[in-house]
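J.: Okay, handing you the structure first.
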Amino acid sequence: MSLRIVSQSVLNAWSQTLIRGMSTQGGSKNIGFVGLGNMGGHMASNLIKAGHKLHVFDISKPACDNLKAKGATVYSKTAELAQNVDFLFTMLPNNDIVDASYEEMTANGVNKNTIFIDSSTIDPTLVKSLQKRISAKGARFIDAPVSGGVPGAEQATLTFMVGGTEAEYNAVKSVLECMGKRITHCGDYGMGQAAKLANNMMLAISMIGVSEAMNLAIRLGLNPKTFAEIINSSTGRCWASELYNPVPGVTPTAPANNSYKGGFSTDLITKDLGLASGVATSSNTPIPMGALAHQIYRTLKSKGLGSKDFSIVYDFMKNENN
């Protein structure tokens, strides 16, 4: 028997060929995305940029057309979409729409290899109900709400808060990393939503605080940019002051510079505060500041400002008692 000696260069070439083959085989996935709004549209786009095959649905034709132009396949029925994907994301406005969407998608059965991932902000109780419903049909469901706003969705720097088993977290992590830079396993089903509701309550409170402080400083004669620089190098620094300042002209990319259009609507922050109030009541947790923030945003809604970005609370305060 003759002994062949294989050179190191040949071994290296074989190794690289094998690696490329494995990468190609496991890389691109069929991913569904239902809900292509201010956040979902950017998230879906980032999945395409990462090389995945995207299958989308939204009631907005322009939103679907935008993704179609980037290479996505558009569906008219979510049930059909759900049968053709490995992962299916939902990014929808509220409990009722999420519940109805999953009922429609799974009414005629599910692809048992599909993992359903809800990134909306909903009640943890609904998460547990959906998980039981979908697991009974043979598929998997987890909650993975996000934080980071529209800028985070656009730049793929979102934080994902995942509720599910360790195995499910590991199964979805690489896909979530196409849209975010921090993927955190929060615990069992619904714990992602628990984290999200607490975070959004804090966001609402801090936005009101920044708006009050900016309004006071400006009325006292301070230049808004000067005061913002002071806040952001001092103890008052927060996301709302630094990256999403509610005063026009301070943060160039903030909705305040676009007549408070787009971004995160007052309707949605009010909805989230309502959910936070509900879970606070059920867990016997006092939230005096959260309750006050909810009252303030409900007032903004009653003034017809529900479709405006939630930072419009500054504009509302600015015009009070002038």
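Using N, Cα and C of the backbone, Cβ positions are placed for all residues, glycine too.
Dumping what TrEMBL says about this protein:
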| type | residues | note |
| --- | --- | --- |
| ACT_SITE | K196 | active site |
| DOMAIN | 30-187 | domain '6-phosphogluconate dehydrogenase NADP-binding' |
| DOMAIN | 190-315 | domain '3-hydroxyisobutyrate dehydrogenase-like NAD-binding' |
J.: Under the DSSP assignment, what numbers of helix, strand and coil residues are found in the domain '3-hydroxyisobutyrate dehydrogenase-like NAD-binding' (190-315)?
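T.: Looking at the domain '3-hydroxyisobutyrate dehydrogenase-like NAD-binding' (190-315) with DSSP, the answer is 83 helix, 2 strand, 41 coil.
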J.: For the domain '6-phosphogluconate dehydrogenase NADP-binding' (30-187), what is the mean per-residue pLDDT, to the nearest integer?
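T.: Looking only at the domain '6-phosphogluconate dehydrogenase NADP-binding' (30-187), pLDDT averages out to 96.
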J.: Write out the long-range same-chain contacts of K196 (active site), meaning residues 6 or more apart in sequence whose Cβ is under 8 Å from its Cβ.
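T.: Spatial neighbours, sequence-distant, of K196 (active site): T121, P145, V146, S147, M161, D272.
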